[in-house]
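Starting off with a structure, shown below.
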Amino acid sequence: MAAAAAVGPGLGSGPGDSPEGPEADAPERRRKAHGMLKLYYGLSEGEVAGHPAGPDPLDPTDLNGAHFDPEVYLDKLRRECPLAQLMDSETDMVRQIRALDSDMQTLVYENYNKFISATDTIRKMKNDFRKMEDEMDRLATNMAVITNFSARISATLQDRHERITKLAGVHALLRKLQFLFELPSRLTKCVELGAYGQAVRYQGRARAVLQQYQHLPSFRAIQDDCQVITARLAQQLRQRFREGCSGAPEQAECVELLLALGEPAEELCEEFLAHARGRLEEELSSLEAELGPSPPAPDVLEFTDRGGNGFVGGLCQVAAAYQELFAAQGPAGAEKLAAFAQELGGRYFALVERRLAQEQGGSDNSLLVRALDRFHRRLRAPGALLAAAGLSESATEIVERVARERLSHHLQGLKAAFLSSLTDVRQALAAPRLAGKEGPSLAELLANVASSILSHIKTSLASVHLFTAKEVSFSNKPYFRGEFCSQGVREGLIVGFIRSMCQTAQSFCDSPGEKGGATPPALLLLLSRLCLDYETATISYILTLTDEQFLVQDQSPVTPVSTLCAEARETARRLLTHYVKVQGLVISQMLRKSVETRDWLSTLEPRNVRAVMKRVVEDTTAIDVQVGLLYEEGVRKAQSSDSSKRTFSVYSSSRQQGRYAPSYTPSAPMDTNLLSNIQKLFSERIDVFSPVEFNKVSVLTGIIKISLKTLLECVRLRTFGRFGLQQVQVDCHFLQLYLWRFVADEELVHLLLDEVVASAALRCPDPVPMEPSVVEVICERG
């Protein structure tokens, strides 16, 4: 506001507002020139007058000062500013006041809502804690009542309990004595009936008593009879175990009974594992046979079901029976079982990985994830029983490896889909156009490529999201809750594909020799717009979608969205710059050939514009249409009203003196060169390969600069006759008539074409230009 208030009365008013009218134009121009010089040297009005600039801290008209006086300020405005400026100042102040008022209201409302939310939260917490305290009080009361009842019941039953216990002891002793006297007959009957377990239990119940009272004759006779019967029982059990025709539960029962009869545990342990190995190896052989080439392999879900029900189920039975039977073996027995499980488990895992490898080429993960879920779920039980064998960890590692391979597979699929989309675009661009039927436009091709890529990305995300579904048994593992989401899906798949897409797009900026073929300029333009769209919206959308679907619980660093957007923008800039160079070189090649293949010394008097200049205008117009399909117009400088009527008088200003002077001396060209060079010193430097902005005007400006600079350099290398110079004059005027409307600043076209004509004049021994009116007639006719 202070800047607006300090504006002097001369600013903001045009020539029509000055009371002096046209007489004030000259002083006005001088004031503007002085102002530009002061702006260039960084001087203010105070510094020009000889004293340092800066607002007076005691100035009552300084809006931002501590001593601001509104009455003095308004009085100064009324005295120094016209009505129009007063109204503009009022409008600006009202706008700023409203903006400040709106900001203050927004700030108050935001903080008010936060305070209300915090108050509600605290009130809710108080209510919850009050309810908890009431419930705890009721619980303490109930516990006290229960304790009181328990004490009263125990005191009432104490006397009766002692009498009942004494009678029960006498009764139990009588039953034991009766059992001992009947033991030999019971054992004999159990062996005859095949009730080996019952016989062993009878023997176990009586063994300690018989050992304790074997010095008594009656007990000694019972013990001798029992030992004979027990020896016969052990022989039958060993025969049954060694036959191996029964199942795992029956064999485990035999070992259990033999151990109960006192047989050596070490020998039984080795025999038990040997029999179990044979059965489990049969299961592995059947699984390996399913992987053979001759029969069609079952689907992966059926394969894992068979392995889980057969091998894993059998291993669980063996492990459970072994731990129950040989627990007394201690660490040595556990190590034997762990080594046994590791060996056979490793062979089973190898078969599973071979079968899973056959699924890596498929695009659907649903069946594969279900198979991995069942595989991992079935190995929970042996993993718990055989923690030392590490079966559960090995199964998890297999699942993680498969998940990584699927991510890599989907990344390659996305890359292939992107390349396929580019191939379709190239074919569409190269396809011949039928009469009366136009092919798809660049905008349609861009929309097709963008939608196709986005569709493939969403499909891949949905496919790999199955690995983190809640119903999947391994989804709660640390890898799938953290690294899989952040480093696998986000960084490896999505960020990796976006960077690969940018690298693939940048590879089209290589020279044709490196790529094996020229890239269509339209493809460069389309890719630049695609990368720019990714920078502005698509990357943020894709990463937000990924973060929402895969709730990352990993603290490892990830690529920021801003970094990816910067890479995509840089790729778009390189592609667009390369597009400008390619199109500029195409037009430059036409201009270069047209200059180098013509004999400019013996050319005839120009009657028409050369065809190559018409072709340049046509190609530039086509490029303008092509770029306009994908990029916005851009900002142009204000165009002069006579841009199409200019007839190149700049080159003649420094040469007409030498051309029409009565005495043409050898010093004249030197003077002409000197004047031309002095004029170049004060003209703006033209950067041919300046950075290209993302708009149509900037692209066309870059192409035209390259083309006209090439024309200028070619003209400097040729020698022209009088008519050759006039032909260059006609051609340049024709180009000026049409090219100025494509560039951001028409002065750029004028300067370059002026230099072309001036260079041709310098290379001409007899520089006689054509009359501007004749040039205009020829160009209008052409």
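A Cβ is built for glycine as well, from the same backbone N, Cα and C atoms used for every other residue.
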Taking 17-49, 116-148, 215-247, 545-577 as the choices, which stretch does Swiss-Prot tie to coiled coil?
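Here Swiss-Prot associates coiled coil with the stretch 116-148.
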Can you say which of 270-292, 293-315, 362-384, 592-614 is given as coiled coil in Swiss-Prot?
270-292
Average the per-residue pLDDT over the coiled coil (116-148) and send me the rounded value.
89
